[in-house]
Structure formats: structure tokens, C-alpha cells
């Protein structure tokens, strides 16, 4: 694949490939380079990691651009490359465009690089990045060129070799010194000393004089991290990024010796100070001067406000960087010439750490080989993402498939006859030789630039020098936020004598890049003035604020939609990278590659006197322009005419849309229903795009995964509820939890796209119906449709969210978005809606009602915007929880069913627990005229911990709502769906019931109660369709017929005496394996009863006021009884006793008959036992934690466990029958009354496990608690059964 390619200028575009080339010429990610602008180079956009624009990815994907990362893990680099269509290959692969490594490269790897391949390190870069080598190189330059010329390091000694010199210096000045390992980073192994005896000489270390007069801001010490890019060492080309980081210590600076060991005071490394408890981080990318990490521009602006000379400061910083790199230039340039086959194969980003003292003199601390690209704060992401994107653009990745390379020879014109770039047009002539191609390139360039421009500038240059000259010019055209500090128009005169690598390339660049610069002979003051103006320009660039990625994204989209960006014959800059100054406009006017953007002044083509006279006119305006203009703005310099008065004409693109919809809505305007639906559809499309994007630069941590999981859960909830209101059936296939996170996001995005399609169709149908009626209400006029459509095309997700939130707040309802009902009843295994069409539409309107926040920022990254439209239920649920602790009189709100976090049947896993309350079946259901109110809730086999009333459910990696698995079909009920449905819902209250009441009607005496902490309180307003209830009852009837019930389920506590009869057939074994018989009341044909005895007080207890009953001792309804009641009410057949005795259990029948005959005696027994043990058990009730509450991890469904043959968890010993009672299976008559009295009298007072005591405690606890509605629990461990 040739890098320099000639083309026939007379060739016409006649083939389809020609048309493709033309269509790609204006692509925002392509910049054309080479002699005839035939070589496409990729342009990177920092905001691509947020947008995941397919238009940006298409170039990289088309040419199979690839990268590999070796011995490091840079998520930011990976995310930027992936967003631009690159794909990652194995570290051992040889087909790549970029190798990003964290260590030095071996010579044999460098030798095999092709011209299109690039690596991020130069050979022998350790000459700069190792502290000992850096020290030696600078000391050598001090000896050669003078100490003052290279006095950029504090006084330093290399130990143990120079220990004697160090002791001699210490004896003269007993100040503090700082010790550093020669090859470490991030502050590891760094400490301060004030005596040579404190130093360990076991390894090589560097000892430097501690700068005890650092520049302080608010009494805190700080240093500056600068990002320096070197693209070539022969010739030397250095760029400094216009933004950096100021890193502050976390403890106020104090020179006292007592604080010499306090690293948080003396060290400014982020890796050290982030461990301090005083470290402050800023979460707003727009705030750059807060916390322990500032932007460099914010620091410079602060110093300028304090009256400091920031222009001179940054000029000294540039001087320090240039001299540092020059000190290692010879060694690195020699290694490049030896090992690197192509000049453009290597580039390197250095991290310079500079400390500024109180006199504004910068001191070099160290140079980092691979500066940290971690983004621990939004400010890091804004600066580092912009810097990396601009660096990749400057380096220049040629759009070429790495697998198609045919040769690795260093002379790249010889690629001409081997491979062609797919972008390039087919040549009708024969392949050109290297010399022919180069000459034709030069001719073509001369034609494009005009006679006398570039044509004359290359006279006398070799082919290699021409290629180097063109590459350096093209790099500067793509520099973005980088500022080229070497070479400039003055650097050769200042630093030329310091260069040790004696080649002609540096001099060639100095003379050819700035060949038109004014000679300063006889006018040295003009030379100084030119230097000052250049320094002011650079200082203004360093001080201006960097735009956030979100603003860049909006600006680029706005400029692309308007298509107003002018085209230049040389530069095709992206929107973010067009930072135009007066000197840059001169370059665009002349369209010559040999003009320097930042260093060239307009007066260079005029006389010295003319510069002196007119420089005062444009220099202040230039500085003011850059200071008041943010980086990467959209201003365009249209004209720069020196002869016409040196005025700068600016054309500013309008960033704000002309049509301000929010202003119209606030001025009593309104949207029509169709416009509201269109805006909502556009919002959902933004959400879909956000789901389809990759993780970007986010850290794959537990918190990030939890947040992503929560966002997907919001989408799932929305789809389930919204699809239920569609007129058309829509199948929702939800992703499995076993899939990868990104794969689940992709599936959800696909499902959301399907929903949007159906939603848009229904919107069109609604529009057609309205157009046929020809009757429009006054409020349906809405805003101007053309302006509205333009707003929809340009609006961002944040703007749409703001409009929809305001519209919902203004109209008091969001039902227009999703409707209020559907034609048919649509249910799923997680939620239900009203079965009848039109039933309580206000219910759904309340569910989708949006509660906007009090304050809303449109510039934030909206990662959870969908929750504004789907989680209003959560907001109402929190209000319910906060009020639930107020007692039975707490008013319950209506909560949408989408807040249901999990739905469990007997074989499903539990979800987060919420407090629930009882509700009643409407009396209007024909098939159930007298059915008592029940709850068809189930409890999972392993109950999860419950939330305390009023507690807030905070998402966490292990405890947040999960994305449901399986398929969700809108259509008729299946048996499984209906079962899950009826077991996960509460029956709604009748319309005559008092709003917010949680009590049961006292006339409904046959009520069974239950608690379930996995259910939400969000289903109060829901009703069952009659057909749905009938289907479920039929299923329960079939289940009842085939189920074998445990006999122990319906034997009262009095049957404990039967255990002394030694019953046969294993009845007692099953009884002990199940729950205590006391907890399982018998359900008689006439209704549920609590005892087989005739208790005259029972009806009174059943109908007593609920307010007088304890919540801790409330009654419970077991699943078996609930199903039996449902069965009896549905079929009209009175079910038999749940225990059907077999042929071998006749002894039990006899025992029960005997018990019936002993009712009066038992009653007397109870009275006497109560009187005898009143002193022991009188003050005791049955605690929740001992009798009624099982362990959270234990199984709670006793009836199900018994029916399935599994052993449920046994209760405490004091309610379990004595082991001796089951020693024999021979039935015996019950003991007479006198024997029982004697036995009870002989029992010790400390024993509370006797049958009489148990019966007394149980009876006293059950009687006052019969049929108490359980609204909430005050015991965190209270497990609802």
C-alpha cells in the first residue's frame, strides 16, 4: 500500500469507485494528506466515546484497523480506538496499526514494523524517564554549555557513587533533601531526610535538594503534570498539550522539621494523596478549580488574577521541556536510526512533572515514560480523552488494512506498485516509479498551491527531506489542542547549538518552514517583540478553558446538521479541532504548507517598520480573542488582510437553536398529543442508542456493573408496562442473566427498537383518525409543526427529557405517551393491568406520571434519564415506606405495578422484601358473592431479609433489581403465567372501601391472612378479571385433587394428648417433621376455624376491633387453607377434611372421637392449668423471634414442604411434643382428670414446655390476635408467611 501516491489530475470520475471516493471526501474522520491529497488519515474525536456514532466507526471498520495492548491496561485508549472502529488483536499478532505498550520495545520488534504500523515508544526512551539517566544527561549538558543554561534540576547526587560529594554539600547547607529510587513512579519509595545518616545505601538512589520555597495556592503545595508529545527525534519535533493537571497536597505546607515525614504535605503525587482522608475530589467536569486536582488552565488563571506573570512562567516551562528532551536527543535519535525502519513508526507521550517555586521558576522533578491515563474524576476524562484523541490525530493513522501490507522496506514510494488504498481512484496509466511518483506529486502540489509557493521551497532538497518537510507540516495541520514548541521560527537560533545529533534535518525544517520570516539584522528589538507576542499567544492558549465532551458532542452534531462549515483546499478539520487565531487565518488565506500556525505573524511579509507600527493594533486583540474563546469553538476566521488594515473578520456559528421549545412551553404554549408522542419516541430512540453503545472509558467495577444493571432494569420495567398498553401484541424476549453485560444491553436495545416501531405505527394511526374527524380541540393545536420537527432532529436526550418533564408537569398526566388501556387484557408473569377496557384509566395515568426534579442540569451526562419516565413508582413507594411505620392508620398510596422487584412462586427465587397490606376482593364479582378476603401470595423457599419500615432501598452490586430472564408475551394467559400472576398480586379493594384503609371489614369473619415481604404495596388499585380468576381457580382445583396433605396440618394443640396413645402409621413422625399443630388451624366447610373446641369467645375474638390487636401476634393464613377456600368458593363443593384417613389409620379416627367426648373436661383442664401457671406464663406472649419467626434463610412454606415430602424447619423445643410421647404406637385412652392434675402439680415451675403451658401460652396469644390485619412489621427479622 503506497503512502505517497500520484494521481492523474486530468482523470475523470467515471467508475463507481470514483463516486465512493467523492462521497468520502467530506467525512469528518478523514483528512487527506500526501502530495496530491490522496492519502486518507484518520481524525479522532474525543466525544466519540460518548456518542458511539456509527458514522465515526465506519472508517475504521471498513479498513479493519486494529490495535494491540501489551504489558499495560489503558481503558481510555481502548475505548477511544474502539469508538473509531478499531478492533483489538492478540498481543502476539503482527497485523495491527497500533501497538500500545507500557514498556520499552526490543530491537527485533522495531525492525519488523511496516510503515503503516506505529508504536508508542522510541528506543532508549529511558534516557529521559529513568531518573539516573536524566540526571547524567543534564549534567553532561551543563558541563558542555554552562551550568546556567541547563539549570533545570535541583542540586542532585547519585548514591552511593557520589555519597562523598553529597556529604560535602550537606555540610555547607543543612537543608532538607528528598530521596527517590532511580526507576520508580507514583511516589513509591520517596521520602525526606535532614541527615545523611538516614539514607540507606543498599541500592541506587537519587538525592535531590528539597525546594523549600514552593509556590503555594491557599497554603497548599502543588506541582503540574504536562503532556509532551514527540513525533520525531530526527528531526526533533516537540508538541506540548495546552491543558494539564495541577495536583495539590492534602495537608497545608509547613517548613517545620517536625513535619518532614508527612508525605501528604510534601508529596503532590495523586497516587499518594488519594489515600489521605483529606483528599477532595470534584465530580463536575466544568469546575476545574476545586478539590485536590485542578486543570492547569485554572491554575494559570488563578495566578494571573493574583498578579503573577503567567506568560513568562509558561515561556520558562517550554524552555525547560525543550532543553530536557535535547539532553537525550543524541542517544534516542541514534537508536532510531539504527533500529527503526521508518521515520514515522514511533511516537511518544511523556508526562513531565514540574514544580514551581515562589519566584515562578519551574523545576523539573521527573519525566514519566507512560503517564497515567486513568480517569478517576470527570476532569481526568475531559482532559485525557481530548489529549489522547488529538495525539492520535497528530500521529496520523493511514486508513489501511494491516493484513494487506506487502513489504516493510523503509523507502515507502516503492509500495506504489504493490497495494492500493481502497479510498484511492484506479489509475489508468502504468504504475509509476518512485522518482516519477514523487515528481508528479510535487507538480501536483505546485499546481494546487500556485506558482512560486511550494515549488520554489523544495529546490535543492533531497527526496527524503521533501517527505519529512511535508509530514511535519501535515502533522501541524492536525495538531488540535497540541502546541508545537519545537521547531518554531526562533528555536533554531536559541537551541540550534544545543543539538548534538548532527544531521541536516533540523536545519532544513528551520529554514524551510520559516523561510519567509523577517531577518532581524539591525533590528534586535523587533526580534524581542516578536518573541513576546508569540509567548503571549501561547500563554493565552494555555489559560483558556477546555470544553467538555458533552459540549463537543452537541457542537459537532449541530454543525453537521447545519452543514455550514466552509471547505478549504488544504485542511479538512473536524468541528472540535478548528481553533482559529489570527495567525492561523493567515495560513488559510495563503494556503501554503510552509506557514507556521502558531508562530507566524502577519507582519512577516511586511517591513520591520510596518510591524513596529501596526503590531499594537492586533496583538492585544489576539490575546483577548483567545482568552475569551473556549478551546475548540466553532468560530471561523474568514479573512486576514494585512494590506487592508490588519482586521480580523469573524463569522460565529450560532450554537443555540433558533426554535426554543422550552421557552414556548413556559410562555403558556403547549404540545399536541401527537407532538408529545413524537417527542417521547425521539427520547426513546436516544435511550436505545445509549444502550447500544459500549462501556466507553468506564471502569468495570462492581459499582459500574450495578449501575448498568439498574439501568437495564428500568428499561425492562418500562417495556413491560408500556407494551401492555399497546394495541398490537408485542413479544418481549428478555435477556438471560447468564449473558454478558454488553450482550444483554444489545438485546434490550433491540427490544426497545421493536417497541418504538410499534409505538410509531400507533401514533400514525392516531394521527389518521384525528385527521378524518376534522375536529381538533383548541389545546390540540400545539406548536408550529415545521419548527417542532426541526427541534426533534437537533434536540439531545437532555433537551427532550426537559421538554417531556415540563409537559407532563404542566398537563398533570403522562397518559398521552402510553395511553390508558388496551383492547385486550394483557398480562405477564411479573405484573398485571386492568382486564376490562377503560377500567380506571386514572390508575395507569398515576403510574406513568412523571415527577420532575426541582433542579435539572442539561449539561450532565444523563446515564439514568429513563428513570424519570419509568420510576415515578419508586418515588411513590418511598413515600409509602416512610409512612408505614405510623401504625395501622397509615395511608397507603397507589403505586404502579412496575415497582414489583421480583415475583416468586414456590420454585422461584425471592426478590427484595417490601411491606404489604391486605386488600379485599370486590364484592361485584358474580362468581364470588360471599368469599372472604384472602391474599394469594407465596413465600419463597428461602426468605430474603426485609427492609425496616421507612428504609430506602439503595441499589448495590448484590442487592439491586435484576433484569428478568425469559420471554414476556402479550396475549392470553398460560397456566404458568396465570399461576405466577395470581400468586404475585393482591386483590384490589372494592370501590366502596375507604381510601387508604388497611383494615378488614368486620362482617367478613372468614378471613385468612398472610404476610409476604417479597411483594410490593403497588397493586392496591388492580382488579382481577373474572375469567382470569376462574382460570386460576380451576388450576387450583386440579392441584387440590392430586395433592396429599399432611395429617398434622389440622390437628389442634389438644391432639398433643393423642401422642400418648402411640398412634400407628407414622402419623407422629410426620407431625414432628412438620410445623407445630397449633399453627395449622382446621378449615371447616363453613369457614376457617382456629380450634376444634367449642369456644364461646371465639366469635367475639374474630370480630373484635383490629386496632386493639398487636402486630407482633397477628394471625396467619397458610397456603393450604387459602387454596382450600378458593377451591370451595370456585367449585361450590365443600371440600372434605384435608386429612383423608387411610385403612391403617383407624386409631386416629377413634382418638378424634375420644377428643370430642372430652371437650368439657379439656375446658376445665385449661381453666385450672391457666390459674395454676398464671404466675409463670401470665406476662408472656408468644414472641415473634421464638415462635412465629423462622430464620431468614429457612424455608417458610410448611404446607408445601410437607406435601412434597421434605422436612421443614422445626420450631423451638418448647412447642415440640416430648420425645417420649412417640415411643409406642399402641393407642391408649387419655388419662383421667385427676391424673392430669397430679402431674401438672408435680411439674417444676421452671419448666415451660408442658402441654398445658403450651396450650395456655398459645391460646392466650391466638385469642386476641385472631384475624388481625397485618399492615407492617416493626421487627426487622419478622418473616412474613
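Cβ from N, Cα, C; glycine included.
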Notebook entry, point to check: 247, 252, 308, 343: which one does Swiss-Prot list with 270, 271, 293, 384 for the L-glutamate site?
Noted result: 247
Checklist line | Listed range which Swiss-Prot flags as region 'Disordered', given the options 1072-1114, 1115-1157 | finding: 1072-1114
Checklist line | Swiss-Prot ATP site partner of 186, 187, 208, 209, 210, 211, 221, 222, 223, 268, 269, selected from 180, 258 | finding: 180
Check: From 577-614, 615-652, 653-690, which range did Swiss-Prot mark with region 'Disordered'?
Finding: 577-614
Checklist line | Euclidean distance between Cα atoms of residue 366 (Mg(2+) 1 binding site) and residue 271 (L-glutamate binding site), Å | finding: 15
Note to self: I'd like the Cβ neighbour count for residue 293 (L-glutamate binding site), meaning other Cβ atoms within 10 Å of its Cβ, all protein chains included.
What the structure shows: 24
Margin query: Roughly how many Å lie between the Cα atoms of residue 247 (L-glutamate binding site) and residue 366 (Mg(2+) 1 binding site), rounded to a whole value?
Written below: 15
Check: What is the total of other Cβ atoms whose distance to the Cβ of residue 186 (protein binding site) is within 10 Å?
Finding: 12
Checklist line | CB-centroid shell, 8 A cutoff, L-glutamate site 247, 270, 271, 293, 384, site residues removed | finding: 225, 245, 269, 274, 372, 376, 380
Margin query: Which binding-site residues are spatial neighbours of residue 222 (ATP binding site) here, meaning Cα within 10 Å, out of 186, 293, 366, 368, 384?
Written below: 293
Checklist line | Spatial separation of residue 368 (Mg(2+) 2 binding site) from residue 353 (Mg(2+) 1 binding site) - C-alpha basis, Å | finding: 8
Check: How long is the line from the C-alpha of residue 209 (ATP binding site) to the C-alpha of residue 270 (L-glutamate binding site), rounded to the nearest angstrom?
Finding: 22
Check: What is the separation, in Å, between the Cα atoms of residue 384 (L-glutamate binding site) and residue 211 (ATP binding site)?
Finding: 29
Next item on the list: Indicate whether residue 270 (L-glutamate binding site) is helix, strand or coil by DSSP.
Entry: helix
Note to self: Is it possible to get the count of other C-beta atoms within 10 angstroms of the C-beta of residue 187 (ATP binding site)?
What the structure shows: 16
Next item on the list: Indicate whether residue 384 (L-glutamate binding site) is helix, strand or coil by DSSP.
Entry: helix
Check: What is the separation, in Å, between the Cα atoms of residue 186 (protein binding site) and residue 211 (ATP binding site)?
Finding: 19
